Every structure is written in C-alpha cells, then in structure tokens.
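In what follows, a structure is listed as structure tokens, so that the remarks can point back to it.
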C-alpha cells in the first residue's frame, strides 16, 4: 500500500485471485466456458423472440432487452477476469478503471429497473387483462426501457465521479475489476461519507425498484388467489414465475453486496458475490426463461424443426 494522497496516480493494480494462483488455469477454462455459453444462450433468446411474430409482445420485448443487458454486463467483467487469470496482477489506467466502473454500474442499475418494468408488465397482464394491450403500448414499453437506461447512466456517473474525485491513499485493488467496495478501501481518511453515498445510491438503484416489484407481486398473488379455477391460477402464475426467479437471483446477490456496512466486507466473500451476480445470473436468466416458458420452448422447437428441414 502506498501511503499519502495518490489522487494524481495514473494507474491501479488489480490483484484478482492472487491468493489462489494454482487454480488460475481451472478458473480460466470455467469462466471462459460460462462466458461463451452465456453469450450463446442470450443471443439465441433474443434471436428467437425477434424472428417469431407470436412473441412480439411487451413481455418478450423486455426479455430481449434483458438478454442484451446481460451480454453487455458480462462483457464488462469477464475480459478483465480472464486477463487477470493469465498474467496475474494487472495494471489498469485510472481512465480505464473509471470507465469499467461506470459501465458496470450502468448495465447493473439498468437491469434493476428493467426487472421492475417487467414486473409492471406482469401486474397489468394479470390484474387488468382487458385493458392490458391499451396500457402496455409500444410507446410505454420503449419509455420504460429508456428510463432504465437513464437511471443507469445517472447512477454510473454519480458514483464514478465522486469515487475518482476523492483523494486516494493506495493503488492496489483487491478485486478482479474496478468495483465500488474495494475502491472504498483506498480512500484517504474517513470513508463514512462514501459509505453513506454507496448505501443511498443502492437504496435508489436496488431497493426502490425492488419495492415496486414486491408491490406488483402482492397485487398479482392477490388477484391469482381470487381467480375462479385452479387452471386459471396455474396459467397466471406460470406467466410470472420465471421473472420472479430471476428477480430473486439478481436482487439477492446484488443486495447482499451493497446494502450492508463497510465493516462487514470481506475480499474473498465479495469476489464470490460479484461472480454470482455478474457471471452466473446472466447465464441462468435465459435458461430459466426457456425451460419454464412454454411459448419460448414452442418457438425454439419450431425454429429447430425449420433448421433441420433446411439441412
């Protein structure tokens, strides 16, 4: 650790998984395989939705956006991890580190609000089925997606500008990319104001859309329970069960990372949590939606049969 104010430094050192260097080859193969699988799975989902007219509905429009976000989100993280696993400790310029943090926050926060928009879609579909097509117009869908990106941009800029304009007393980041929590350890003096900043922004970016999702599902479950037949209840619940699983996975890991005080941080645990919501969740999202969604499975089978006929 370099003592003194290093706010003028030009680069950082990413320590990555330096404590388990003997496992680097295995981790490289596993993460590269997960990366390729995730790219393929999300690309297939987006392609299937785009090419099947029966899936041109608000629900699948949001799912396409989610697949695109997952691809971009993962592409910010995985190349940095793979580089670290190949060469060990990586030097990264201050500008590149700031850009890495911004895009990580941008895609992550945009996904939080997109999941909230998807819960609104399910809320209107189940609670107001007769007015659904009027309420969820293409204009509203585009506005909700644009709003998600605007919120992501705002949070990314605020966090990045505040963090990188603060005085730093170190250059070694005990992580595999430029994330907020490890950078807090490099700040000079008291980090309490920065901790408050992280928690306040996390409440806005994670907790507020999550509360909207909770409210939507309370109303959805209440409506389902008042349906006349068990068949109707099962059909209604099946349309939102995939989204609910994705929400639990994403918010569970992201919330445990950011909605807690700094004294509870642990570098090894934080790296595991980061891998969970930035690597594993983007892979599971298309799997959950394809395996639990009859319409997506039908479209996949239809496309598979058509491709076999062409060959």
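The backbone N, Cα and C atoms fix where each Cβ goes, and this holds for glycine too.
Marked as domain 'G-protein coupled receptors family 1 profile' by TrEMBL: 41-289. Confidence for the domain 'G-protein coupled receptors family 1 profile' (41-289), expressed as mean pLDDT, is 83.
The transmembrane segment annotation in TrEMBL covers 26-48 (among others).
What TrEMBL records for 60-82 (among others) is transmembrane segment. Within the chain, the transmembrane segment (60-82) has long-range Cβ neighbours (under 8 A, six or more residues past its boundaries) at 14, 16, 28, 31-32, 35, 38-39, 42-43, 45-46, 49-50, 90, 92, 100, 103-104, 107-108, 110-111, 114-115, 117-118, 121, 138, 141, 144-145, 148, 176-177, 246, 274, 278-279, 281-282, 285-286, 289, 295.
Only residues 6 or more beyond the boundaries of the transmembrane segment (102-120), in the same chain, are considered here, and those with a CB under 8 A from a CB of the stretch are 59, 62-63, 65-66, 69-70, 72-73, 76-77, 141, 144-145, 147-149, 151-153, 155-157, 159-160, 177-180, 205-206, 209-210, 212-213, 216-217, 240, 243, 246-247, 250-251, 254, 278. Residues annotated as transmembrane segment in TrEMBL: 102-120 (among others).
The transmembrane segment annotation in TrEMBL covers 140-162 (among others). Long-range contacts of the transmembrane segment (140-162) within the same chain: residues 58, 61-62, 65, 98, 101-114, 117, 120-121, 180, 194, 197-198, 201, 204-205, each at least 6 residues beyond the stretch ends and with a Cβ under 8 Å from a Cβ of the stretch.
The feature transmembrane segment is assigned by TrEMBL to 196-218 (among others).
The transmembrane segment feature in TrEMBL is assigned to 239-260 (among others).
Summarising the annotation, TrEMBL assigns transmembrane segment to 272-291 (among others).
For the transmembrane segment (272-291), the list of distant contacts is 31, 34-35, 37-38, 41-42, 44-45, 63, 66-67, 70-71, 73-74, 77-78, 104, 108, 175-177, 179, 242, 245-246, 249-250, 253-254, 256-257, 297, 300: same-chain residues at least six beyond its ends, Cβ to Cβ under 8 Å.
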